[in-house]
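Here's what TrEMBL has on this protein:
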| type | residues | note |
| --- | --- | --- |
| SIGNAL | 1-17 | signal peptide |
| DOMAIN | 23-84 | domain 'Ubiquinol-cytochrome C reductase hinge' |
| DISULFID | C32-C74 | disulfide bond |
| DISULFID | C46-C60 | disulfide bond |
Amino acid sequence: MNIVPSSCLLVCLLVLADEELIDQKKYLEESCKPKCVKSLLEYQACVKRIQGDETGHKHCTGQYFDYWSCVDKCVASKLFVKLK
């Protein structure tokens, strides 16, 4: 019998299927990524734009977080419906 900490149940939403744990969040992230293409393209353009920066002062943190915020927002609407 597998014991999962209660804190992980809220974050991970692991589902028991044939004795194998499946992380539904990872699956949902993949299905949500196509909906966030605009943010991804902005991030990729930023990365390309600053590629030659050797000072280390330029970064794409904002675009990175915008992309993952979009993915997380999409996932949240689907993930928490599955909580029991």
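Each position is counted from 1, following the chain as shown.
Cβ from N, Cα, C; glycine included.
Keep in mind the model is a prediction, meaning the values are calculated, not measured.
Counting every protein chain shown, the Cβ of C46 (disulfide bond) has 17 other Cβ atoms within 10 Å. Within the domain 'Ubiquinol-cytochrome C reductase hinge' (23-84), the DSSP-based counts of helix, strand and coil residues read 45 helix, 1 strand, 16 coil. Looking at C32 (disulfide bond) and C60 (disulfide bond), their Cα atoms lie 21 Å from each other.
C60 (disulfide bond) is surrounded by 18 other CB atoms, counting those within 10 A of its CB over all protein chains shown.
C32 (disulfide bond) counts 19 other C-beta atoms within 10 Å of its own C-beta, drawing on all protein chains shown. The Cβ of C74 (disulfide bond) has 18 other Cβ atoms within 10 Å, all protein chains considered.
Taking the C-alpha positions, the distance from C74 (disulfide bond) to C46 (disulfide bond) comes to 23 Å. Mean pLDDT for the domain 'Ubiquinol-cytochrome C reductase hinge' (23-84) in this predicted model: 93.
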